[in-house]
Structures are given as structure tokens and as C-alpha cells.
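A short worksheet on the structure shown next.
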């Protein structure tokens, strides 16, 4: 039996909004430590990994491991019925056919209840190796969103280059080229607006802007974003969901010919 109560439905709504254009069907894997999701996009270029830790729910109960196979378009339709401030409870039996969602209004006595039919989804689990990244950039999530959106008007690809001087996002397109350079700076009054760059060695990689713009839909979940780079390994873009819960996106770099 699974029973998981979220104080704010908005968290799940925003997570699903952020990933539904990348992934159509996926398993929510529930166990006693929380609810996890891992899925590749159709072209196998990007990977989504989410963890909602048990301590983010109150209460949280999961007696045995359950995989909830969900179509994200269908889940979006059900979640539209929830107000952001609603209390959301997820329930499922041990061998479930449906996921039960209950939305309770915190202001009125309204309770909405929906059953979402589940699917059998065969999903391979990819072991994501722990990587020591050459560069880790922590920056305001809306700034990262703006940079990717601005550069996408010029080109399909962006080169992200981190060195001791800062981090540079640059692109070249048919109409010209453009770049944005950020240097480390600390904003004491508004720490969320600080830019931190940790660097063990210089790194320069090229990525598809279409995917990065897509990842930035998760900006609604967190004020800051962490971008981790190493030569020849996928980029990691991580948004915190509070506590040790997270939403992570991995993106393979473009190599030589496909730039």
C-alpha cells in the first residue's frame, strides 16, 4: 500500500509540466525512501531523473516496492483539477490498476478525488555513474532560462565553456553569432542571485539548445540551478525540490559531426 501526502500539489504539477514534453510514459518507482522516476527521451539524447524523498511527504507510507506506470499527458489532465495550494494525497494498492489522487482545498471544504488508470511500462534502469565534474556552476534558474532562450533565437547549438575567468555560453547561427559571459559573484542580500563556479579544470562542450530550453521549464521549481560539466560526459542540470529531493536532467554533448 502506498499513501503519500504532499502539503502543496504545485510541486508534482510543476515536475510533470517540466518533463512531459521529453517523456510520454514512465514509471514512478515507490519504495520506503520515496518516489523516484527515471526515463530517457525518445531520441535517447536526454535522461530525466527525479527523487521525491519520503521526508518531503507528511505522512509517507509505502509497504513494498511499487511501480506506477503513468502516461504523463493523462496525469497532467488530472493534476489540472488541483489548485497549487491544495493538499495532494497519492494512494495505490500493492498491485495497483489505478493511482488514486485526492486534492483537498486548504481554504474550503472541497475534496476532489480521481482514479488514474495505470499502464504496464517496461523500463530499463540505467545506472548513472557518480561523476566528479570538472566544472560546477550554480546560478539563478531564471538567468539560465533567459540565456538559453535568447541564444536559441540565433542557433540550434550552444557551446558552454568554463575556465578561471568565468563561464561563457556562445552560439553561431545563420544570422550571426552571440555569447553571454558570467563571472562568479556573491550577492549577500539575495543569495539566490549569486553565481558560483567551482572548477578543477577548464571544460568546453556543445549541446542542443532545444533540450536546454526544455529543461528550463523546471525553473518554476527552484530559484537556483546547478549545471555540472566534464569533457566527454553528459551535462547535468539539477533543480532542488527542497531537502534532498531533486529533479535532474542529463544531456549528451554534441560531438564533431553533429554540431
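The backbone N, Cα and C atoms fix where each Cβ goes, and this holds for glycine too.
According to Swiss-Prot, the feature DNA-binding region maps to residues 61-80, out of the candidate ranges 61-80, 81-100, 101-120.
Within 10 Å of the C-beta of residue 164 (ubiquitin cross-link) there are 8 other C-beta atoms, taking all protein chains into account.
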